[in-house]
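K.L.:
The structure's right below; bear with me while I get my questions together.
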Amino acid sequence: MSTPVNSVHQLAVAEAAHATQNTTDSKDKKPTVLESHGYFLGKTIGTGSYATVRMAHSERHEGNVAIKIVSKFSAPADYLKKFLPREIEVVKGLRHMNLIRFLQAIETTHRVYIIMEYAENGSLLDIIRKDQSIDEMRSRKWFRQLVSAIEYCHDRGVVHRDIKCENMLMDIGWNIKLSDFGFARGHMKPKNGQPILSETFCGSYAYASPEILRGIPYQPQFADIWSMGVVLFAMVFGRLPFDDSNYKELIKQVSSKVVFPKEPKVHSNCKSLINKILAPLKSRIRISGIKQDQWFSFEENQASTSRERRSITSESDVESRRLSVDPDTLIPPNLITKDEFEARARPRGARRDSGEEEQPVKTENAFESDSEHDEKFPVSKTRKPGTKKDS
Ligand SMILES: Nc1ncnc2c1ncn2[C@@H]1O[C@H](COP(=O)(O)OP(=O)(O)O)[C@@H](O)[C@H]1O
Ligand SMILES: [Mg+2]
């Protein structure tokens with residue numbers, strides 16, 4: 001049974017207050033660390049379990065940027081030591097038109113700031129909620145962009161491990177910008193033909209591949225492909241394919257044939273691609289196969305719509321397949337989700353943000369970025385966000 005996309009386990013809303021900086025209250029006030037780097041904070045655009053994302057005006061880019069603010073006082077130690085440095089390390093070296101571009105990271109005594117390209121049109125999840133489902137033409141465009149971004153990452157040995165509709169942002173021209181490399185890892189390219197397996201079971205249950213859910217070391221590239229299949233299903237049907245509210249049910253569902261809702265009507269070629277992606281590891285399609293797939297490579301203006309409309313559903317679509325595993329014998333893996341970080345946040349006895357002035361510790365810039373390129377970075381040339389009112 002598919003699940004409404006709306007029911008995706010939402011991240012708890014962290015209080016923005018701890019990450020709030022005093023901005024331009026008074027003219028003679030000493031500039032904050034961000035201001036000294038030319039960033040002027042505006043409204044909050046997103047809140048995660050332990051990070052707040054705010055819009056900011058950048059003097060250098062003459063436009064808006066997004067700043068992910070992580071408080072060292074509220075984020076759990078393993079996130080600060082393991083995942084956050086990895087996120088920065090990974091995003092530094094990536095540049096692709098369908099990936100949110102990293103600009104700079106600034107560490108202070110109190111916080112870590114990740115400065116990145118701003119995506120003005122929200123997330124794919126927002127669009128699905130608004131439009132209920134996405135027509136096949138738009139779904140194909142966005143799915144192709146996602147595949148292109150992930151192929152680029154995998155070619156460079158980077159795995160994302162948290163692909164989902166919430167992390168697919170939209171730029172001003174309604175192009176996908178994949179974001180949130182919080183669970184990503186680099187150096188995952190197979191060595192001497194030997195794949196490197198992941199043992200960190202992370203991400204969101206609804207998007208997790210059967211091998212992750214079974215808690216066995218897995219090849220993260222194939223798990224990313226699975227999550228892309230969940231995204232494609234969510235786009236065209238406006239629902240998630242698997243219900244993550246019960247682990248046993250979830251294991252059963254991911255091990256069975258995908259059940260497609262009767263409505264909205266979706267072309268059998270699209271369902272066939274979803275079936276090839278949401279398949280057991282051994283038969284799961286690879287990126288090269290996805291790119292050759294009929295639905296994926298379909299050129300809209302080449303064929304008549306009526307011909308495309310003919311074969312839409314067949315009864316076999318709802319036929320369920322026998323389970324290959326007995327869910328009763330399985331124990332849920334300790335999947336690290338962002339919600340879990342939330343539960344572990346603010347450890348007892350931890351220091352609190354006393355409000356004393358933060359001091360800069362370290363600044364990192366994008367690897368391949370050179371000053372010439374930075375000037376050309378296509379940020380939206382809008383006016384400074386209302387720092388006073390919004391902050
Ligand atoms: N570059 C960006 N442009 C616009 N909105 C963003 C950007 N980065 C993050 N956001 C918003 O902030 C939310 C949380 O950011 P994200 O990096 O996904 O953090 P988390 O690790 O808490 O999920 C996103 O879901 C999105 O709504
Ligand atoms: Mg996220």
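For all residues, glycine too, the Cβ spot is worked out from N, Cα and C.
Note that this is a predicted model, so its numbers are computed, not measured.
Sequence annotations record features per position, and here TrEMBL assigns ATP binding site to Lys68. Per TrEMBL, compositional bias 'Basic and acidic residues' is recorded for 306-325, 337-354. Here TrEMBL flags 381-391 as compositional bias 'Basic residues'. Annotation comment: TrEMBL describes 39-296 as domain 'Protein kinase'. Residues or ranges marked as region 'Disordered' in TrEMBL: 306-391.
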K.L.:
Sequence gap of 6 or more, C-beta under 8 Å: which same-chain residues meet both conditions with respect to Lys68 (ATP binding site)?
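P.N.:
When sequence neighbours closer than 6 are ignored, Lys68 (ATP binding site) has Ala51, Thr52, Val53, Tyr113, Ile114, Met116 within Cβ distance under 8 Å.
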K.L.:
Let me know the model's mean pLDDT on the domain 'Protein kinase' (39-296).
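P.N.:
Averaging the confidence scores along the domain 'Protein kinase' (39-296) gives 95.
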